[in-house]
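According to TrEMBL, the protein carries these features:
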ACT_SITE  B:HIS187  active site, tele-phosphohistidine intermediate
ACT_SITE  B:CYS500  active site, proton donor
BINDING   B:ARG294, B:ARG330, B:ASN452, B:ASP453, B:ARG463  phosphoenolpyruvate binding site
DOMAIN    B:151-223  domain 'PEP-utilising enzyme mobile'
DOMAIN    B:253-538  domain 'PEP-utilising enzyme C-terminal'
Amino acid sequence: MTSISTKLLNESGLHARPAHLFVTTAQKYQSTIHVIKDDKKVDGKSILAILTLGASKNADIVIEAQGDDEKEAVTELGALIESNFGE
Amino acid sequence: MVRGIGISPGIIFGKAKTMIKNQVNLEKKNIEDRNEEIDRLVHAIASSKQQINEIAIKTRATIGESEAKIFEAHELILEDATLIDGIKDKINEEMVNAEYAVSVVAKQFMDIFDSMDDAYMKEKSADIKDVSDRIIRNLLGIEAWHLADNEDKVIIVAEDLTPSDTALLDKNKVLGFVTAVGGKTSHTAILARILEIPAISGIQGIMEKLHDGDDLILDGQEGIVIVNPSPDDIHDYQEKKKVYDNQLLLYKKYLNKPSITKDGKEVEIFANIGLPDDTDKVIANGAEGIGLFRTEFLFMNRKNLPTEQEQYEAYKDVATRLKGKPVVIRTLDIGGDKEVDYLHLQAELNPFLGYRAIRLCLDRKEIFMTQLRALLRASAYGNIKIMFPMISSVHELREAKQMLQEAKKALENEGILYNDTIELGMMIEVPSAAMMSDLLAKEVDFFSIGTNDLIQYMVAVDRGNEKIAHLYHEFNPGVLRMIKMVIDNAHEANIWVGMCGEAAANPYMLPLLLAMGLDEFSVCPSAVLELRYIMSKLSVDDIKSKLDTILMMAEEHAIEKYMEEYYDKHIN
């Protein structure tokens, strides 16, 4: 399993467009992907689940992936968050 | 009188028809065969998917592309792993019937979104309700509701109308609707406005206040319902309705008229479109042409690039339907905030200053060449003009023109017909292009000023950023002076210049643009007739004599106020 801890610095957190971007990126990978915030862990490929995290700006989250392409998945998703989703 | 929120304007008189949805039976039952129950669920989801897909197709055809997206989002909810797995787990673990499992799991999500107190999240909750109710009805084999054949010209009274209910309303039978649930920005409200069905929502206890067969007056502008009105009420509202309807009728009178000012100056009012289907609205509103065909919509919401043949057919379709009227087609403007998954564009820190539009096309030449070939092939069937977006240097323009030449040569070698004298233009939406519009004007046949981006780049304001949104202002004197400069430079070089941004449809901006000599206005189809009407009331010479004074004003708000007063004085 590969994981990364990161902070959401974009204005709208994991809302609307960023959440959509995150999920469509996650869906490209075979690995199972989870997003963890506080004590809640949800499926990183489900937009509804991601939205229920209510992860807004400055939230600390962890991305976890398990599978053949776990490293690539975590790297790309981490980079997406670092880039502030292009906001 | 009952008050609510007016979500779609218009005044109508009619009889109430209360609609109670065939209430779904949410009894919790214990089941014996898990697999059979999951099978039922899978079938109901498949039927729901098919129904929603049909609604999306119908909406795209009758209402519009962006409204159809509401239902594409609904299809995604039906595919959402967490939602569907949650329902399956519930059935498996608790041995309960599928409809009960759907209602419980959907409710959990709705509660979370409802508690978030954010318009976007509330809309998600409404979407989940629309979708989950549909699954449950499919499980039970019941219909939502429909009007009987003999029920026409009614005002629907219901606790709630979902977006999918609204998209399917038959305008011939339904005069308007009144509901308890929903706000101005809800999907239901957006659909009602586009369908031009007057509507009011936000009436608490609606089913107690309004009854089947009540005579109603509905004022969608004010959000007022008069129940069993007195003769005085009827008289008052008939007067109000006259004023409102006259306005609409007044605009309709300009349907087959030329766009001409009071003192005889002729201009062109074109319309903007996104998809070939929008052409119907262009024709219905009597536009003199299409000033902007945004081709990026042909590239969005799909899994791969559209082929040359697909594009050719779309362009040819529009050009043929316009019967020789001009159709300005903008080459691909993707990137920025418009996403296309299969292009695998990297997220950028500043997408609006990044890899987009002509920049992307000159880098991924195969995409651009395919589009240029399709455009040229279609040019044999109508009055197509090609326009390049986001040009910021002469070099870029020349490179794009070079590719157009190559495309022409290739078609010639293949013996394929195209219009050799096809007009070529470019958008003026980057300040550098505006500043050197004298140089660029020597290279093209026309300009179109794209105010949405031009203003954003000129005043350096990201419109998505609420803290600084007030700085984004089309009456900013810097913006106005630049627009004037572009028009002057174009005319100096004997080319025509249009405008295809939001500013072109602003009634207060119209006199200014006329005074500056803008040749063509391209606006959304529904604004064409209003603009033509306003134009007919204005004298170019009069406003021209005030132009210098206006361009010396230092504050955008002063200019806007001046123009509002000018408008009121001449139009009403």
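FYI, residue positions are counted from 1 along the chain as it appears here.
Any Cβ shown, glycine's included, is placed from N, Cα and C.
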Rounded Cα-Cα span from the residue listed as 'active site, proton donor' to B:ARG330 (phosphoenolpyruvate binding site), Å
11
Going by C-alpha distance, which of the recorded positions B:ARG294, B:ASP453, B:CYS500 is nearest to the residue listed as 'active site, tele-phosphohistidine intermediate'?
B:ARG294
Going by Cα-Cα distance, pick out whichever of the binding-site residues B:ARG294, B:ASN452, B:ASP453 is nearest to B:CYS500 (active site, proton donor).
B:ASN452
Quick one: of B:HIS187, B:ARG294, B:ARG330, B:ASN452, B:ASP453, which recorded positions have a CB closer than 8 A to some CB in chain A?
none
Fewest C-beta neighbours within 10 angstroms among the recorded positions B:HIS187, B:ARG294, B:ARG330 belongs to B:ARG294
Please identify, from the recorded positions B:ASN452, B:ASP453, B:CYS500, the residue with the sparsest Cβ neighbourhood, meaning fewest other Cβ atoms within 10 angstroms.
B:ASN452
Let me know the DSSP-derived helix, strand or coil state of B:CYS500 (active site, proton donor), please.
coil
Pop the mean pLDDT for the domain 'PEP-utilising enzyme mobile' (B:151-223) in here, whole number is fine.
88
When DSSP is mapped onto helix/strand/coil, what comes out for B:ASN452 (phosphoenolpyruvate binding site)?
helix
